[in-house]
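Step one of this worksheet: look at the structure below.
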Amino acid sequence: MNNYAPKKGTFTFTMIKPGEENQENIGEILTMITEAGFRIQSMKMIRLRTKQAEIFYRHLADKPFFNDVVKYMTSGPVVAAVLEKDNAVVDYRKLIGATNPEEAEEGTIRKRFAKSTDRNVVHGSDSDDNAAEEASFFFSMGERFNSKGFCFFGWGQ
Ligand code: UDP
């Protein structure tokens, strides 16, 4: 083991959202991610409980679509992952494309796989602070691995 924590700015957090239509594309989505230069630092499939989804999406609590987001995000398993790359948050937001897939650019994950804003296939953190918080929401430092295969101890983030 080494004793370095992953540094903010070097990683982002993603989820492949629930649904049969997404499950059948998990392999291709992960290929797009790794081909874009992201290294998978952590990954697991997990079904969120309602309380967890409410906490994860609490910044949307006053939006009319909040309950639908929580219902959808708890409707089946998600694939959660921490992705490592220089400039990870910004580059990953570029790779996933606009929230509304109709506005997403060619070559983005949402353009290729998403049918609508409320089922837009993937989540990606929108800031380094949120990436750190969201990664810790799902993964302990013992579940995050550097490129040499060692896990992190977790201080200094
Ligand atoms: N969302 C929705 N309806 C809307 C806007 C957003 O269902 O009108 C959902 C959508 O799944 C989106 C999530 O809420 O991915 C979070 O919204 P945000 O604005 O943070 O977009 P994102 O960061 O995911 O692009």
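Any Cβ shown, glycine's included, is placed from N, Cα and C.
The active site, pros-phosphohistidine intermediate annotation in TrEMBL covers His123. The feature ATP binding site is assigned by TrEMBL to Lys17, Phe65, Arg93, Thr99, Arg110, Asn120. Annotation comment: TrEMBL describes 9-146 as domain 'Nucleoside diphosphate kinase-like'.
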Practice task
Could you give me the DSSP helix, strand and coil counts for the domain 'Nucleoside diphosphate kinase-like' (9-146)?
Solution key: 63 helix, 27 strand, 48 coil
Exercise for the section: Around ligand 1, within a Cβ distance of under 6 Å, which of the binding-site residues Phe65, Arg93, Arg110 show up? Expected result: Phe65
Fill in the blank from the handout: Minimal Cβ count within 10 Å, across the recorded positions Arg110, His123, points to His123
Exercise for the section: Please state how far apart, in Å and to a whole number, the two most distant Cα atoms are among Lys17, Phe65, Arg93, Thr99, Arg110, Asn120, the recorded ATP-binding residues. Expected result: 22
Exercise for the section: Starting from each candidate's C-beta and looking 10 angstroms out, tell me which of the binding-site residues Lys17, Arg93 has the most other C-beta atoms. Expected result: Lys17
Exercise for the section: Sort out the sequence-distant neighbours of Asn120 (ATP binding site) for me: same chain, 6+ apart, CB within less than 8 Å of its CB, listed by position. Expected result: Lys17, Thr99, Asn100, Pro101, Arg110, Ala114
Problem - In the chain carrying Phe65 (ATP binding site), residues 6 or more apart in sequence that have Cβ under 8 angstroms from it - result: Asp118
Fill in the blank from the handout: CA pair Arg93 (ATP binding site) / His123 (active site, pros-phosphohistidine intermediate), Å rounded to integer, equals 9
